[in-house]
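Before any comments, here is the structure.
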There are 2 protein chains.
Amino acid sequence: MSRYYTFNAADAVEYARQFAGVKDPQSLVTADEIGDGNLNLVFKIRDTAGVSRVIVKQALPYVRCVGESWPLTLDRARIEAETLLVHGQFCPQHTVNILHHDAELAVMVQEDLSDHLIWRSELLKGKYYPQAASQLGEYLAQSLFHTSDFYQNAQYKKAEVSRFINPELCQITEDLFFTDPYIVHERNHFDALLQPEVDALRADRPLLLAVAALKQRFLSHAEALLHGDIHSGSIFVAEGKLKAIDAEFGFYGPMGFDLGTAMGNLLLNYCGLPGLVATREAADGREQRLQDLRDLWLSFRERFLQLAADKTQDPALAIAGYAEYFLQQVWHDAVGFCGSELIRRTIGFAHVADLDSIADAAMRADCQRHALSLGQWLIITAPQIDDIEALIARIRQNG
Amino acid sequence: MSRYYTFNAADAVEYARQFAGVKDPQSLVTADEIGDGNLNLVFKIRDTAGVSRVIVKQALPYVRCVGESWPLTLDRARIEAETLLVHGQFCPQHTVNILHHDAELAVMVQEDLSDHLIWRSELLKGKYYPQAASQLGEYLAQSLFHTSDFYQNAQYKKAEVSRFINPELCQITEDLFFTDPYIVHERNHFDALLQPEVDALRADRPLLLAVAALKQRFLSHAEALLHGDIHSGSIFVAEGKLKAIDAEFGFYGPMGFDLGTAMGNLLLNYCGLPGLVATREAADGREQRLQDLRDLWLSFRERFLQLAADKTQDPALAIAGYAEYFLQQVWHDAVGFCGSELIRRTIGFAHVADLDSIADAAMRADCQRHALSLGQWLIITAPQIDDIEALIARIRQNG
């Protein structure tokens, strides 16, 4: 029988005392449940001085924001912890540190990041972290390179692919990214003002063909161990620091998916800024997002190429020029997946505050239309957008 | 402890009596070991009248043609039987029937196909089976479509990907197809007459880049449950009949690999024919091989598109036109993998009689050079060869 039970605050404190590895376990005394995500309980464990010391995170056997009617595997807690441990092995500076995990209880103890803030919240306030995007590029380069065919022994990688098979969480992405937004489905929601654009999008055959191709790549291209959900709400930042968290969607998939998700969330903020902050500030913020986009891609690319030059293990893939060729495919994939993130976050199940928190309805609809049209354009023209400068130039052109 | 032991003839007879499901088991009396492959024991079980009734096939824990110094997993017998059972579910008419299998003994009992002959042997003699290529296309369309994202539920497919992870056998392909032929390696062998061509090939950077891309797709694109080794020596034919056997290389990989392997073996015969039969007969045979190539691709494509139209389960992939788009990628992959089969069968570890049995050394070298240059051209120009007619026209042009 499973030992699983849902933690209350006292359970979380007791668990942290046992497994957090702090030198004064009895000083841990309170737990505040701070989970604001869709899927889990998150306890902040404080000591007698009220200082937050560690995080205890437990998966619930259903989708929290929907309720017990949408059951969801507890195995995602194991996958999350094991994904973060693998990524942490190669990029400890940008991966949340997992101190302990227990698959049966679906629980893990993580380092406390109270001195960090969620990147999305900061972006909403117009706060700029000039190093964050390149640090995210570093995280993606290290985690994706070291779990790819360039670096992992082929037999070892196959065992890892099997260990990280994540059917239920992948299905959420398969449905919410690539299927629901393009059909009438009860999980979608959007303002009635957008109905004409949504109808046009669902009738756009070249778009639907390109989305099918993206879905098929998501379903079958096991290129590297992805984070699987690396949006600005899964990233903690502080001055000069960045940490990825929340990897329950981890699996072996196409690298472009992680890059596209990250890029898409920068562009969602870009689209929302005119509705979020004053005009002058919005213009500055948009330039920062385009710079973030450039920093993200170029730091990812540069580090990946350096790692490929220094550490590629497969002799056939080590040939000069191959990593560049491969990254060009990843780039085109990323642009397409980025477009699908823009669309699904605007008219699908899970929205973002970058758009939905805009108070004025007309302005909000304008920003959402922008996100939709940008997403549509990115998906369709992805194979023709050759590099980051071409992408940025075209985004500027489209306003 | 494993129950595995190596069968002798008496063991094979006893096993067939128990598990072949014949209604007169005691009539099974003799076993002839007829294995001529690289990996297994194969017993033909005869009855008291001398009639061959079933086949007992057992995997050895090493590569038979090399010896005990090259150990090889017995799990390949389970994978072979399970692959054939899956393929047989969707294409029983062209898949050898598995009557029983036992993973621990690494043994299976198969239907007897004594009224069939190995297709390669028939091709070597210039014997034409006009229906074989389109039947092979039917086999590949049925087996690949029904194990792909078009048809398999995404969660089910992920479990199947895991069930068919086949690291050791895949590594053989990874090494022998994509690495060894392009470097100096003790597993390679070829006539010294070919050294200049081999040197040129290994210095051909565009070729090596394209081979790296093929290898990466082989390593990471889990599109469908492949046969994994579908050359003309893994195919039995009779008048109007065809059966695929020997699926120990089965795994979820890129569809183009199975198609390319099959196409490559038709072209190896095409290249060898001038050295195998008289001039007039060789010219006829070459036309038949080109017709085979056309029949194979077109029957595969037509059946796959029909299945996609009738039976696609994934709503996003069901959009009109997507299957055509997808098959165009499979086509380009197939042309590339076809080229790599031509090269590795000419200068790598495992050769084919279509070339190596040519008696005259100069003629043999000419045919081998043809295979090499054709392979090289196919790999490099695969993305520009748009369809089967363009391919055939160019093969004719190259002589």
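From the backbone N, Cα and C atoms, a Cβ is placed for every residue, glycine too.
What TrEMBL records for the ATP site is A:K57, A:E111, A:D112, A:L113, A:D246, A:A247, A:E248, and among A:N40, A:N269 the residue it adds there is A:N40.
Note: the CA-CA distance between A:E111 (ATP binding site) and A:D229 (substrate binding site) rounds to 20 Å. If you take the C-beta of A:K57 (ATP binding site) and look for same-chain residues 6 or more apart in sequence within under 8 angstroms, you find A:G35, A:N40, A:L41, A:V42, A:F43, A:A77, A:V107, A:M108, A:V109, A:Q110. Counting only same-chain residues at least 6 apart in sequence, those with a Cβ under 8 Å from the Cβ of A:A247 (ATP binding site) are A:I79, A:E80, A:T83, A:L84, A:H87, A:H227, A:G228, A:D229, A:S234.
Rounded to the nearest whole angstrom, the C-alpha distance between A:E248 (ATP binding site) and A:R344 (substrate binding site) is 19. Between the alpha carbons (Cα) of A:D112 (ATP binding site) and A:R344 (substrate binding site) lies a span of roughly 31 Å. Less than 8 angstroms from the CB of A:R344 (substrate binding site) sit A:L176, A:F177, A:D180, A:P181, A:A350, each of them six or more residues away in the same chain. One residue stands out among the binding-site residues A:E111, A:D112, A:D229 for having the most other Cβ atoms within 10 Å of its Cβ: A:D229.
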